[in-house]
Structures are given as structure tokens and as C-alpha cells.
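Everything below concerns the one structure shown next.
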């Protein structure tokens, strides 16, 4: 690999990979000198492929709308040896005279529950049903063990509408904030990687095929925060490294950015691991103890979002920033100057 | 410049602010929070839990206007007050009704709240002609009579049916026929009705408007026999409290639609007769028609100003095109709530532990400081959640717990940013001690910028999104703020203290050995290069 002609020219210690060290130790000490910005075309292709898969999945597989988006009634009760999906389904049919849409088991062990889905029940029917369930499964079930959730079909649309508004406001505010705090190219780079994160996360969720619940929507919204946060941390280092790049002709803008990415690489990995650990704990515990529910959906979205968010800030936002910056005249001029100086020095030696 | 000089170095060290001041400040604030936790409210360090964590019923009512526009805030507030009264009627402690955007959220803890699902009806107002009235006969109210909330829904339905059977008669009955059995029955019933305001009346809000009805006066101590409704509350166009020429408070009503003409026709044919304004099966006012009423109707009923306004509001409310639709009704059994809470807490503890192990493995001594910081941050967040529950009614729900758990990772990230900067500085060849102060200078800015973005995100989500999203955004925003506080007041001072301790500065303890090694090699290489250069000369 290192024998290939590098697209970025390494000039000093910071740019030469410490070959005598292992990959991990290069990562740990920040002496990896991984040519991420130089190989940016590769990353664009990788990102585009990911995007394509996710968009295709969203188009063809779509999402499984949860009760909040379809409307209907969901009744859940603790499962036991006598309380089985068939038995619950029977009680429903004999009480109300028609079959429920779906009856399934969620969770395991003591936390296993039976969840019954049907079109919206009237208060009276819902009451009849819970009484019938409590009567049939005495003494396993008392009336107070029966949980139910009743959602109108317009509620999901309302949630979605609010979310879209929040998304737009968020994008505008963040764009302005980054443009003021850093500059316009960084703002644009952060937004592109933000969109990538949202699409990729939604795409993975569509691939997994879990129900879309309000929790999923919450998760997606928080991905925005994490994504921008992560990009901003990397850009902060980029800005620091490139602040006085024009003052000398030692390194190009691309090289300085690549150095920043390398210097923050371990931070990115650590943060991802540290963020992901509690999320995995949440996911495992939620699935193990509760089966389907708010916590599980949130956890999956967060898990994917954090990983994708880190990927995009390193492999998409920073390369994009360089691509955009290199369209600028002053950066082009400076890069030429640096390369010319290097050729001269090489000729001298 | 000459920092190698021990004298200047000492002077520089003295100029640095003492790390003890922020640490002590933080401990003071934390202590204050917990003093408040235990000294105010119910003195218990328990956050206010959402119904998904303690069991109960939550109903989200979305206001629907005829023209699809957002409902007026004052209309919503009025609706909230009325629904709140109804929820209070259920007699379950800790119930609340809050306005959230254009929705009302009813929360009733415990297993008795299922009835909250049926509170969504608009206050039901009807104008009914009065056939007869008499003073209500005082009845004994049984203090042990079951409250509505203590009845099962079946019992409730039965109670309503029984009350209807006793106090209502079909429209086919003829009040002018003294032998009409139905009317005779209702007249007999008038003496039996318990009009005590404290009595449980299952019929409230459930009477059939198109039937005859025996109803109590709201405050006049009368009991009325009423004919089927002639005008519905939805026909009220405007209602407002005003003073008439004699200075009495009255309510002025304008009808609209069919009601308008019906009212003109009815009043012109029934001069001298009494009509009643009936709100939720209680007679608010009964007044004699003095002449045909065209235009604004004045309802006089010996009102105080407040009462007139209240009635006007109620009429206006009853007449509102604003009706509520149950968007989301959730009853969570207490067992499920408890296991959700447990799951959240276990996940949080495991998450915290996993972060600690990783941090110890990776950062060793700095990892220990990370852990200490996270524990202090958790304590502060917990205390604040308890206090905010008391002060602004913040309710911790499942999504809030998820926000806290995800907050662990985001809080730890600030430390990672800081420690990685220290590593950067050490790789450049600086000592641990000087790397700390230089690393902090640049990390501080990153922490600010990063957390500002996170906070913006949380705030926007909090203010613009609906329902469960709010809990998540709130805890995430809170942890973001606490994160900054902890990094500045706890983590950084502790790292500074560590860097001043010889033992903790040892590479094997602080976990920065590999980086020091790189720096050492680089220095050696540079020296070699320089020497080689000299040789060449």
C-alpha cells in the first residue's frame, strides 16, 4: 500500500506512518498517517453505495408502520403457561365476534408478554375485552395486569409533521451556527454528512424491518444532534490545524486536514465505543426484559446512528470539506506553491 | 520563554488558578441540590415518574377545529380546566392535565385511570324547556358510596344505565297528559334525586339529550323536570358575561345556524315559560321567557361576576367547534411499568460500568477520573430531575431514561476529547504536566462548540416535537449542560491535580506510556538527524 504513489505528499514525521508499529498502536498513538483525505474518491464511492442500498431499501422494503402510525388498539398482558397467543386470540374472537389482526409474544422469561393488535376498539369493547381476559385467565391475570394502547390513525401523521418541522428548523439553525463558528464550506460539509446519517440510519432501520414507532422518530431526531456534534469535533481540529496553513508552504490544506482527521481518529473511535456500550446495554436489557418497546427501537436507531455518524464525520465530511476548499483560488494557489517548493527541495537533494 | 528555569516555573504554577476552587464549588452546588431534594417537597429522592414507568393511564387529546386551524390558546386552557375538573372527579391522586401544543395530555397514575379515556367529550350543553321544578329534597349522602373511579367500567356503565332508566323518559311521553305513566314516574323521581353537590351522579355528561330528564340545579337547590333539548351547545355562536341596566351580571348568548331560528320560533311561541341551560346534565340557569328573543339572548340567574364569566366560558366552550379526538390512549399496568423502570435502571448501571471498564483499560488513571466524573454527573442529573419534577412538573418517562443512558456516552466524549488532546501534546514531546494545560486550552473550545450543537439539537426537538419525544430531548439537554459543568468544575481540576502528583504522572499509571515512547523516539530521531547533518558538514 505504502509503495503506491500517494495522492497526498507526506513531508515529515506526522505524515509518515510508523511502520514498525502495529495497526492498533498506530491508531492509539495517532501515528497512523492514514491517507483518508487523499483517498477520498474511494470514500465517496463507499458512501454512495451505502446511500444507494439504504434508499433502495426504503423504496422497496419500506417501513413497517407501528400502531402509532396505523391507528388501532394494542392490548398486552403477561404471558404464562395458560396465557398463550392462541388462548388470547380465542378470548378476543368469542368476546367481540371477529378475529384480532395479530397476536404475538414479546420478550422472554418472566417478562414475556402477549401483544394483541386490532383496529381501534371503542371504550366499551376494550373494557369488555379486558374483563373477558381477566375472567378467563384467573388467577394468572387480574384486570390491572392488562395494558392497552389506543391510537388514532392521524396521530402518526401529526408526529411526522412535527418532526419534519423540527428537522427543517434544526438544519437552518445548525447551518447558521457552523457557518458563524467555522465557515460556509464546513457548514455545507456538516449538513451533507448529517443527511447521509439520517438516510443511512433510516435505511438500516428499514432493512431490519422493525416497526416504526414514535420512539424511532425520537431516535432519528437525536441522531441529528449526535451527527453534528461529531462532525463539529473533527472540524474543530481541522480548523485548528489549517488556521495558519497559508502562512507557510510546508503543507497543503488537504494534508493538514488529513492530519487533523488522524489526530482525532482515536477520539472518534473511543467516543463511538463509549457511546455504543451503554446503548448496547440498553438494547440487550430492553429486549431481554421487555421485548418489543420504546427502549429497543430507540437503542437500535441510536446504535446505527452513532456508528454512521462517526463514519460520516471522518470519511465523508472531512474529505468533502477538502474537495470544496480545493475549488477555491487561494487554496489552489497555495497547494501549487507547496508542491513547487517540495520539487525544488527534492531536486536540491 | 525560560520555563526551564525553576524559578519562573514556580511563578507560573502560582499564577495558575487553584484546581481546588472549582472542585469545592461543584461539591457545594451538589450538596445544595441534595439539601433541596431532602428539605423541600416530600423529602424523598424520587423523581416524578411517567405512567410508562409506574403504571397508569395517559390520554392524548388532540383538539380539532372545524376549519382545521390551530385552536386558540385560551380555548385550550379552558378545555384543560374543564377536563381537569372531570379528572379530579375520578378521585385519583396525582392526576394532571397539561396543554402540550394543540393537545391535552391527561395523566392518571395507578390502575384506576381507565375512565380517563372517556373524559374527552366536549362539555355538553343543551337548552331544554322546563316542565316543572321544585325544591330538591335533602338526601343523605353516603360517604362510603363508591366513587366513579372505584367502579369497574361495567359497574359504571350499569350505574349510568340505571340513572337513565330512573331519570329519563323517551320523547314520546306527553307532559300535558296527567295520566302519562312516564311523566308521572319522573315527577315521583324528582323527590328522590340527591342534589347534594358531593353526591356521585353517574349521569353527569351522559344523559340522553333527546329524552325527558330530571336534573338538579347547579346552585339553586331546585330539581327540574326538563323536556328534550331544543338547542345544542354547538349552536352557541358567542357567549359573554355582561352587566344589564340594573347592574346585574348576565350572560349574553348569540346562536348560530339552525339554533338561531329555532330559538326565535321557540321564544315567540312560549312567552312566559321557563327554559333551562343545562351543562353536563346540571341546570346552570332557568329563566322565564319575557318576549320573543331575536338576536342576543340574556340569561340572568343571580350571578356574581365570576359566575357569569364562568358560565359564559362554559357556554362558549360547549359551543366551540373545538372538539377533542383521542389521539393516543395508553394504559400501562403497574407491573409492566415497574419492569420498564427496572430495565432502564439496569441498562443504565451496566452502561455506566461498561464505560468505566473501557475507560480504565484505555486511559488507566484518567479512566478512573472519567468514572468519578460520570458518577458525580449522574448524581447531579438525578438530583436535578427530582427537583425539576417538583418545580416544573418534569416527568421522567421511558424515553427520558433512554436520553439519560445515551447521555452517558455523550458526557464521556468530552473527557475523550480532552484526554486525546493531552496525548497530542505529549506526542509533540511535552511533559504530562504541561500537556495538561495546553491540551485543556484547545479541548475546552471543542467541548463548548460540540455541546452547544448538542444543546441546540435538544432544545429544538423539545420545543418542536410532540409527545414522548419531549422527555428524551429534555434529559439529553440536561445532560449536555451537566456535561459542561462537570468537565470544567470536576474533570479538568482533577486532571490538573493528578498532573502535579509525581506518582500519578508515571507513564505506567496514567496510561500515556505509549505516547511518551513515540515522543522519545522522535526526539532521538531528530537528534540523530541533526547529528548526521553536523557530520556531513
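The backbone N, Cα and C atoms fix where each Cβ goes, and this holds for glycine too.
Values in this document were obtained by computation on a predicted structure and should not be read as measured data.
Taken straight from TrEMBL:
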- B:20-39: transmembrane segment (TRANSMEM)
- B:219-321: domain 'SecDF P1 head subdomain' (DOMAIN)
- B:323-497: domain 'Protein export membrane protein SecD/SecF C-terminal' (DOMAIN)
- B:343-361: transmembrane segment (TRANSMEM)
- B:368-392: transmembrane segment (TRANSMEM)
- B:398-419: transmembrane segment (TRANSMEM)
- B:447-466: transmembrane segment (TRANSMEM)
- B:472-498: transmembrane segment (TRANSMEM)
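Two recorded stretches are said to be in contact when at least 3 C-beta pairs lie under 8 angstroms, sequence spacing 6 or more; the transmembrane segment (B:368-392) and the transmembrane segment (B:447-466) fall short of this definition. Counting residue by residue with DSSP, the domain 'SecDF P1 head subdomain' (B:219-321) contains 31 helix, 42 strand, 30 coil. Sequence-remote contacts of a segment are chain residues at least 6 beyond its ends whose Cβ falls under 8 Å from one of its Cβ atoms, and for the transmembrane segment (B:20-39) they are 45, 376, 379-380, 383-384, 386-387, 485-486, 488-490, 492-494.
Long-range contacts of the transmembrane segment (B:472-498) within its own chain (CB-CB distance under 8 A, at least 6 residues past either end) are made by residues 16, 19-20, 22-23, 25-26, 365-366, 369-370, 372-373, 376-377, 380-381, 384-385, 388, 394, 396, 399-404, 406-408, 410-411, 414-415, 418, 422, 436-437, 440, 444, 447-448, 451, 454-455, 457-459, 461-462, 465, 504-505, 510. A Cβ distance under 8 Å defines the sequence-distant neighbours of the transmembrane segment (B:343-361), meaning residues of its chain 6+ beyond its ends; these are 53, 367-368, 370-371, 374-375, 378, 398, 401-402, 404-405, 408-409, 412, 415. For the domain 'SecDF P1 head subdomain' (B:219-321), the predicted model reports an average pLDDT of 80.
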